[in-house]
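For reference, the structure is listed below as structure tokens.
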Amino acid sequence: WNDEVLLPCENCGRTFLPDRLEIHLKSCRAADGSQPVSPRTSTNKSVSNPATPSSTTRRSLRERNSSNPPARPNTVVCHICGREFGSASIEIHTAQCARKWEANEALKPKAQRRPVPEPVQMGEGEGKEEYNEKTLKKWNDEVLLPCPNCARTFLPDRLEIHARSCKAADGSAASPPRSPALSSRPSTREAKSPVPARPNTVVCHI
């Protein structure tokens, strides 16, 4: 899924879903400080017609360009999970997402628990698009974890799955990081109560 669905950023090498990569590229800069061209812009520039268009073709192109593009849904990026939600439901979602984060962190040893990420503050005169860019960058830097072999970033539960098949530069397979919650639990013999079995889940390839 990571190799075929996610797309890497040409500057920092991090992987994103196609729609999130476009948002990320607006704020990601190369090592020399230059800002990359978004995929949509580069695609439009790469399409060229060597033949000289007729007046009818030029007129139709002008009419097409003058028409307003379809409005993008009014969405806001969640600072905890990185997903987009409607502005009317984002507050309800973030409250649920924060409780889910705290429940997952409670399974870890205290030394390894992470606090709920803080939301990005919207600056004065800042639009929703700029806010989403900053939120997505903060989410990628503070929530996702890098693979020790390929440096790609994943959610903690997906990193464990990815590490089973990721190989280092020397060809050796990475040792999958055990979930801190699982490693900190006592053995079956010492446990006072049986540990509930983990649900039998399958990762969606899309």
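Using the three backbone atoms N, Cα and C, a Cβ is placed for every residue, glycine included.
Remember, it's a predicted structure, so these values are computed and weren't measured experimentally.
Listed features, source TrEMBL:
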{"type": "DOMAIN", "residues": "5-34", "note": "domain 'C2HC/C3H-type'"}
{"type": "REGION", "residues": "30-73", "note": "region 'Disordered'"}
{"type": "COMPBIAS", "residues": "35-58", "note": "compositional bias 'Polar residues'"}
{"type": "DOMAIN", "residues": "74-103", "note": "domain 'C2HC/C3H-type'"}
{"type": "REGION", "residues": "108-131", "note": "region 'Disordered'"}
{"type": "DOMAIN", "residues": "143-172", "note": "domain 'C2HC/C3H-type'"}
{"type": "REGION", "residues": "165-206", "note": "region 'Disordered'"}
{"type": "COMPBIAS", "residues": "172-186", "note": "compositional bias 'Low complexity'"}
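Long-range contacts of the domain 'C2HC/C3H-type' (74-103) within the same chain: residues 19-20, 23, 116-120, 128, 131-132, 135-136, 138-140, 143, each at least 6 residues beyond the stretch ends and with a Cβ under 8 Å from a Cβ of the stretch.
Counted with DSSP, the domain 'C2HC/C3H-type' (143-172) comes out as 8 helix, 5 strand, 17 coil.
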